[in-house]
Amino acid sequence: MSTTEHLLSGFYEISEKDKGELVVHFNGRMDIESSTSILNELHSMIAQKSPALLAVDLDNVTYFDDFGALVLIELKNAMTTRDSGFKIVGTQGRTQDILSLVDFDAFEACLLTERKRSENIIVRLGDETLAQASNLRFLVSFVGSVFLSFLHVFLHPKSLRVNDTIACMEKTGVNALPIVGLTSFLLGLVIAFMSSLQLQQFGANIYVASLVAIAMVSELGPIMTAIVVAGRSGSAFAAEIGTMKISEEIDALVAMGFNPTLFIVVPRIIASVIVVPMLTLFADLFGVAGGLVVGVFLLDLTANSYISQTLQALTLFEVCWGMLKSVVFALLIVWIGCLRGFQTKGGADAVGNSATSAVVSSIFLIILFDSIFAVVRSFW
């Protein structure tokens, strides 16, 4: 067996043996002052020589503390990532006592698990599948909890929190009326103006009223109202419940014997189902009013003729169809908002992420279900 020895620093010397074995003989103190330089030099040496086995000799160490143990852990991890061996020899006294408290296998397991998950796409795919399965399980559990809570309210009407329901109706409906009205008015004005550019060529100005009325009542009124409510109330529901989840208020309710779904979700669902159709009716009226402004001031129509044409174009079925869509949209908004709130985990940033996710998911589902309604309507 041949050996070559050379001194690299005042803290250790290297012995290079046959079969790729490298022995590091530490001497002196292994503490906070020496650990940084030792690691920098030995990491470079390991990268250059790529030994098959690294042996650490602690026989000449005069002082050893937790920083010395960290040096050994880092060296072992460096060898583990290269699929190489590592061993410690010459431990005695205080050094042996400290190393007996260190579980090197635990650090190696953490390192191997982290490396495996970062490189193995199959493991990552499995983790994502398990995460989605967990989300699906939570979704089914949440829907079942909501159903059981409504059944409990039906059997025990006094369990409904009426004051909370009224407060939610005010926040979701009354406070949203100005923005819904303004948005719908401008939308009706734009539709009337753009359609009049084409209808004027055929002398059919009066049919602007029919176009605006049908578009607002059956399509644009419900969907625009739902989008506004999703942005206002859906995000608010997710943020409120998410904050309660982070601050452990939900856990406190459970500990006190309250059902969080009955206590938090049911009042919001009832309030939304009541006020969103009412907001949709207001949106329809403001949209027709916007078209009326264009008809009177730009198309030389009288207010009576415009209103008469609007009433002739609309049917009770159109109004009920729009109300049905608004009820479904309301259920989607409050369901997604509360679900995202209960799924909140982490810190303050998680609350913002939940609110954002609630709005995006709600708008997507609103458009999706609106498309489904359109397909159903075509076969009606």
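Cβ atoms are placed via backbone N, Cα and C, with glycine included.
Annotated in TrEMBL:
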type     : residues : note
DOMAIN   : 11-104   : domain 'STAS'
TRANSMEM : 136-155  : transmembrane segment
TRANSMEM : 176-194  : transmembrane segment
TRANSMEM : 206-231  : transmembrane segment
TRANSMEM : 252-275  : transmembrane segment
TRANSMEM : 281-301  : transmembrane segment
TRANSMEM : 313-336  : transmembrane segment
TRANSMEM : 356-376  : transmembrane segment
Positions on the same chain near the transmembrane segment (313-336), where near means CB under 8 A and six or more residues out: 146, 209-210, 213-214, 217-219, 221-223, 225-226, 229-230, 233-234, 237-238, 265, 268-269, 272-273, 275-277, 279-281, 284, 358, 361-362, 365-366, 369-370, 373, 377
Contact between the transmembrane segment (252-275) and the transmembrane segment (176-194) (3 or more Cβ pairs under 8 Å, separation 6+): no
For the domain 'STAS' (11-104), residues assigned helix / strand / coil by DSSP: 45 helix, 32 strand, 17 coil
Residues of the parent chain within Cβ reach of the transmembrane segment (281-301), under 8 Å, 6 or more residues beyond its termini: 177, 180-193, 196, 200, 205-206, 208-209, 212-213, 215-217, 220-222, 224-225, 307, 310, 319, 322-323
